[in-house]
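Database features (TrEMBL):
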- E75, D153, I155, D156, D313: Mg(2+) binding site (BINDING)
- 102-121: region 'Disordered' (REGION)
Amino acid sequence: MSSSSSALPISSPELTVALSAVLRASLATTQIFKTIPSSLTKSDKSPVTLGDFAAQAIVNTLIAKYFPDDGIVAEEEASALREDEQLRGKVGELVKMALEKDEQSLTGTKESELPSGSKKWSAEDWEQSDRFLSALDRGNFNGGPSGRFWALDPIDGTKGFLRGGQYAICLALVENGEPILACMACPNLPYAVSDEKPKEGDRSGVRGDGSVFIAVKGKGAFHRSIAPPSAAFEPIKMNSLSGGLSSASFCESVEAGHSSQGTNARIAELLGISSPPVRMDSQAKYASVARGDGDIYLRLPVGDGSYVEKIWDHAAGALLCEEAGGSVSDCSGKRLDFGKGRTLSANKGVVVALKGRHTEVVEAVKKALIEEGRGNLLGEQK
């Protein structure tokens, strides 16, 4: 990655494009949320469907424009749009709106600082259905252990999005099986300016509307307010936990079906942690731990552990925490392997903690799983 934009603390054309992509996708999703009726039922996922398609189309379009040889591993594909002309039209309108937004007013980067694209985007492009659908279908890359590709979750935390809670647009560049660049927009996660840990939905003592996070392997992690675009990126670090692990707090999923909250409680007991967990949706948990709003993130297997994590659910967040001073592994302490295709098939669960405390947390995780008779998830006998 070579030099590029002066608006960023790290010079990289890939990072410049990634920031533009996730902020444009964020613009589209916030526009959708404004139109969600308060009477929306939990079973009605139409705003999420619209947001997923629009966000992925926006990001895929920009990656295809500037890095046409790069594959994209993403969650959505275009078959539903091929069958639904009305939905296709709504997605197209959102994509056009987001892509026409002036670069400097959105990201703080001048158009001239963007890398040379293979083709200048124009609004007419999105009047051609084939181009629109093919951009979405660029997300069907299978990944693998060699070369480079992008991993995208267009809306991570769909239930959080619907309730006005936490969700994230998460994009990572993976090279030879390891994330090397991350960009994450969290439209509802306030940019804190005080030492107080922000609570879900609490906008006091903050500036801006939402936060955007970036990281480059070996170069550190940073955040800034999504608005205004002139806001400077500032470095972030995980808490030092000078008082020991007993002073730590957990971040965990709101949904009990996503992670074993009962096991988490036992691990907290083993570590002497008495603070209640902070629960939120999406990879915003990774971002919160990276900047010190929480200290430990556990996503432990539920039940028999048959669920296999998707790489787009963790690639951006894992790099963000590692560059903020953390270690990220599975339940047995193995690094996450992003080179096995579209899933983390070589890993069970996720454990994030400060680098100097990570081993202690992993040992508590192992003990708790063995107590439950689930030591097989560690590759051990029950």
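Just so you know, the numbers here start at 1 and follow the chain as drawn.
Glycine too: its Cβ is placed from the backbone N, Cα and C atoms.
Around I155 (Mg(2+) binding site), the same-chain residues six or more apart in sequence whose CB sits under 8 Å from its CB are T29, V48, G51, D52, A55, F161, Y167, A168, I169, listed in sequence order. Note on the binding-site residues E75, D153, D156, D313: the fewest other CB atoms within 10 A surround the CB of E75.
Secondary structure at D313 (Mg(2+) binding site), taken from DSSP and collapsed to helix, strand or coil, is helix.
Sitting within 8 Å of the Cβ centre of E75, D153, I155, D156, D313, and not among those site residues for Mg(2+), are the Cβ atoms of L152, P154, G157, A168, C170, S282, Q283, K310, W312.
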